[in-house]
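J.: Here it is, the structure in full.
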Amino acid sequence: MPTIGVLALQGDVREHQIALAEADALARPVRRAEELAEVDGLVIPGGESTTMSNLALAFDLMEPLRARVAAGMPVYGSCAGMIMLADKILDGRDDQQTVGGIDMVVRRNAFGRQNESFESEIAFKGFEDEPVHGVFIRAPWVESVGASVEVLAELPAADGAESRIVAVRQGNLLATSFHPELTGDHRVHALFVRMVEEAVRARA
Ligand code: GLN
């Protein structure tokens, strides 16, 4: 069973730990660099990316996080976690930093006021049997992606609005705008656990 950390600076850490355990991983919170060094993969939860950025800097975790991403550790980010994995963000706070790793531009709070929170069925690549129930809470969207990024899900266009990218993968990095940890459907976490298992096997 792979050991998967959940970045526990802020956000919905517990929900991810439960979803990971149900997807057959050993889940544990990560707050310090020594704890980060001990995990095979990491989830960056939903929450508030500006606060997470502050705390990652204050706890001296930003550089260790970047180093492990560069070394190929699998990371899954949901919502604020997606923002943390973006190489570039829009509508961030001026001093906000990200871990980066996915060649994408992510817009914070993109769905706007009237749509601050909503739910929608999402067709997700690889889960063709049944759509994923997407819970969006002040969610970001992916504004654009580089050539090496695979788009896994898009929110269909509604009322003249453009369709929007809401799930992506680049190598060992996975990100969703929405929160599968809140729905009891653990297919996205199970996908991530398989990614971590493959990375562990490739290392051995
Ligand atoms: N709006 C939050 C941010 O910018 C993300 C919201 C969430 O994670 N549910 O970090």
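Just so you know, glycine gets a Cβ as well, placed from its N, Cα and C.
So TrEMBL lists the following for this protein:
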ACT_SITE  CYS79  active site, nucleophile
ACT_SITE  HIS179  active site, charge relay system
ACT_SITE  GLU181  active site, charge relay system
BINDING   GLY47, GLU48, SER49, ARG108, ILE137, ARG138  L-glutamine binding site
J.: By CA distance, which of the binding-site residues (GLY47, GLU48, ARG108, ILE137, ARG138) lies nearest to HIS179 (active site, charge relay system)?
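T.: Checking each of GLY47, GLU48, ARG108, ILE137, ARG138 against HIS179 (active site, charge relay system), the shortest Cα distance is to ILE137.
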J.: In the same chain, which residues outside the set GLY47, GLU48, SER49, ARG108, ILE137, ARG138 have their CB within 8 A of the centroid of the CB atoms that define the L-glutamine site?
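T.: What remains near the Cβ centre is GLY46, THR50, CYS79, ALA80, ILE83, ASN109, ALA139, PRO140.
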J.: Which site among ARG108, ARG138, HIS179 has the most other CB atoms no more than 10 Å from its CB, taking these as recorded positions?
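T.: Of the recorded positions ARG108, ARG138, HIS179, the highest Cβ count within 10 Å belongs to HIS179.
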J.: If you count CB neighbours within 10 Å, which one among the recorded positions GLU48, GLU181 has the smallest count?
T.: GLU48
J.: 10 Å Cβ neighbour count around SER49 (L-glutamine binding site)?
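T.: Taking every protein chain into account, the count is 30.
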J.: Of all the recorded positions given, CYS79, ILE137, which residue's CB has the most CB neighbours within 10 A?
T.: CYS79
J.: Measuring Cα to Cα, how many angstrom lie between ARG108 (L-glutamine binding site) and CYS79 (active site, nucleophile)?
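T.: Pair distance, Cα basis, whole Å: 9 Å.
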J.: Across all the protein chains here, work out how many other Cβ atoms are within 10 Å of the Cβ of GLY47 (L-glutamine binding site).
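T.: A 10 Å sphere around the Cβ of GLY47 (L-glutamine binding site) contains 22 other Cβ atoms.
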J.: Just report the maximum Cα pair distance in Å for the recorded L-glutamine binders GLY47, GLU48, SER49, ARG108, ILE137, ARG138, no decimals.
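T.: Between the most distant Cα atoms of the L-glutamine site, 13 Å.
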J.: Going by DSSP, is GLY47 (L-glutamine binding site) part of a helix, a strand, or coil?
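T.: In the DSSP reduction, GLY47 (L-glutamine binding site) maps to coil.
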J.: For ILE137 (L-glutamine binding site), which DSSP three-state class applies?
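T.: It is in a strand.
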J.: Roughly how many Å lie between the Cα atoms of ARG138 (L-glutamine binding site) and CYS79 (active site, nucleophile), rounded to a whole value?
T.: 8
